[in-house]
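S.K.: So TrEMBL has the following annotated:
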BINDING   ASP456, ASP462, GLU465, GLU466  Mg(2+) binding site
DOMAIN    39-147  domain 'TRNA-binding'
DOMAIN    401-478  domain 'B5'
DOMAIN    711-804  domain 'FDX-ACB'
Amino acid sequence: MIVSLSWLKEYVPVEMAVSELAEGLTMAGLEVDSVSDRYAWLETVRVGRVLSVSAHPNADRLKLCDVDLGDRTVRVVCGAPNVCQDMLAPLALPGTRFPGGMVLAKGVIRGEASEGMLCSETELELGDDKGGIMVLPPDRTVGEALNRALGLSDPVIEIDLTPNRPDCLSLIGTAREVAAMSGHRVTLPKIRLPEGEKDIADFAAVTIDAPDHCPRYAARLIENVKIGPSPFWLQDRLISVGLRPISNIVDITNFVMMETGQPLHAFDFDNLAEHRIVVRTAEAGEHFTTLDGKERTLSGDTLMICDGQKPVAVAGVMGGLNSEIEATTTRVLIESACFDPASVRKTAKKLGLNTDASHRFERGVDPDGTLRAMDRAAQLMVEVAGGTLIRGRIDAHPVTVKNHPVDMRVSAINRRLGTSLSRDEMAEMLAGIEFEVRQEADADRLTVLAPSFRVDIGRTEDISEEIARLRGYNNIPVTFPPLPAEAPNHTPQFVFRNRVRDMMAGFGFAEAISYSFISDQSCDRLCFKADDPRRRMLTILNPLTEDQSVMRTTLIPGLLETMQRNLARQNRNLKLFEVGKIFLSNGQERLPKEIEMLAGLWTGTRSDTAWHTAESACDFYDLKGAVEGLFAALGVKDTEFTAHAPDECDNTRPGHTARILAGGQALGIIGEVSPQVLKHYDLKQTAFIFELNLDMLAPFVSDCKQAAPIPKYPATDRDITIIVDRSVEASAILSYVKGLKAPLLEDIFLFDVYEGEKIPEGKKSISFRLVYRSLHKTLQDDDVTEVHQQISDQLPVQFNAVFPG
């Protein structure tokens, strides 16, 4: 919400400094984001004295002007008919940024250099005279900045409002808060309506067919209006709060919306069939073209404003192209209504529209303020656009919307806030913001009724919040909450999740936390097959955005999107993990299956750049090592990484993907992100990912720690190199050899794989190192050779292996 201080002062005296006002509003719960002066840009517009005016040598309608700025003289090209010698006029210097965004630069106009621009009132947004350059009073100081020379200053306060304070989405609402801070009273504009003799009942009618969505709809009619530009004061008010003037009638609806918080709409009455309004829900599949020129397909729950034959507006969101105010409009029907916030919010989300009107209706408007706002607009339209106001108004309100009294206890409020306020002090505070307060016979009780514009008040906790902010959060003493000092009793699942988080962080990974809601395009981006069960996503009925419209069935999209954001900020070396639930639907109308998952991503370099090491890129085995380290730290044994069949790879690259198993059960996958998926996420850097089912992993976790004495005798090692078919996995050979449980064999690991020269086509060379040790003596060659030969003899039999050379 943008508040112009000069406009605010029309409703409440503001005697404090702007900084003090901003601080007070923030402490009252209306957080001030920024304070700026909307005339500050005039600092580069100076008071100039025209020293001479001469004809432009190459243009009949242009003149060359030498302008004195006090410290120097500049030459400018000017086409204004009223420029003359010795006049004072505003001169914009190069670098001046005008409100419309244009930045003035030095230029050459018809062969003559121009070092600035003599400006008119309209160009400076200081008036509506565009017939010539602005003439300044002769007593102004030459060279002085225009804002100081004319005493122009209008601080603009930008407030970041929470959704529960729709009453402050207006100048009068903000004025109420200022009045409560300063002890002043709010002064509302006086409304005088010069009604004609004709009665509105003879011209128009309103029918509400959807009272649950529209509890109140009011209308007034004005005839013989003249559409045209708004007067300068009206345009200036709209510009001061960031709105663009359009025409007098439309500008007045926007002015009243900013003043009162009540959105209004003006219809061209002659374009309304049968001269009546019908408020109904749309027919499913019905088409309607909104004011932005886009044709929209409506659902059956979209609330529409219709005439006798067709829709003319999306209720609370945007009007239609078929009833907009045009230059030829002479009769205007003013709409002022109260719509159900949930209905407007749902419609705006579905249509992808976010307007000033929907922003207010989604949060709730004052149901009793519709008539006053409408009358205020009618008054201004008659004053600005002329015409005759038809006598009377239509006020259809099939459902009465009222706030209910809240019964509260003073002791409960004090206990909740940690204060010691008396009942009278609380009553005085609440009365200051127009709450009705009744003191009961019980000295500890108050009955409070919120005004109609406070649609957010409905329970004792709301009253507590009001008292806290009115008291001032900085004035509430710090107290410890009266809670029992007991350690929380965490579930085993909670402890396990945190243990995994701590370990991943210990391996140098940063935790990512993403939404459980993802885009419904995620499955396509990840190249899931058509029959993949992860495509059965649960749809969110009222999504915040299209990118959060379904429940996730994998954690990978969140990590890839986090990578995308980091790469865009030149952060290219990432090690990320996330622990969270996925939601798998069984295709039936029942709750989804929730599974706790762990996912990780590694991209960029293997380690941080250092002076003593060369930079190298991470690879599949780096991430595999991290997963193996996690398993070792958790005490998980009997784990395997087996090649994933190429036709089963979706978001990972075939030949660079492995299944992760424990005890023969598949727990997840690990691999390089496929080029197609990288392209879908606009990623231009190789990445490696893994995803594990923590619910399946948990039973394999062991807290039993096994200790072994430090060996007394040295180990010896022998290497085996064999040639096998390319399809044979090294992990299968490792598992087989370990399964032999050969005496003296302590360990075996892979140290080389080679394909190429001197290796037959379709074959590969694999080299293993076997470590032998005895717990009782130092091994001799003969001891090792016997066991080593027994193992070597088994490999050709089991894997059709041959020994090279």
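Every residue, even glycine, has its Cβ placed from backbone N, Cα and C.
Locate each feature and note its surroundings.
M.R.: GLU465 (Mg(2+) binding site) falls within a helical segment according to DSSP.
Residue counts for the domain 'TRNA-binding' (39-147) by DSSP state, with H, G and I taken as helix and E and B as strand, are 11 helix, 44 strand, 54 coil.
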S.K.: What is the set of residues, excluding ASP456, ASP462, GLU465, GLU466, whose C-beta falls within 8 angstroms of the centroid of the C-beta atoms at the Mg(2+) site?
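M.R.: Other same-chain residues near the Mg(2+) site: ASN164, ARG454, ILE457, GLU461, ILE463, SER464.
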S.K.: Within 10 Å of the Cβ of GLU465 (Mg(2+) binding site), how many other Cβ atoms can you find? Include all protein chains, please.
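M.R.: Other Cβ atoms found within 10 Å: 16.
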S.K.: Helix, strand or coil: which one is ASP456 (Mg(2+) binding site) in, per DSSP?
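M.R.: In three-state terms, ASP456 (Mg(2+) binding site) counts as coil.
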S.K.: Report the member of ASP456, ASP462, GLU466 (the binding-site residues) whose C-beta atom has the most other C-beta atoms within 10 angstroms.
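M.R.: Answer by Cβ density within 10 Å: GLU466.
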S.K.: Which numbers of helix, strand and coil residues does DSSP report for the domain 'B5' (401-478)?
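M.R.: Breakdown, helix to coil: 32 helix, 13 strand, 33 coil.
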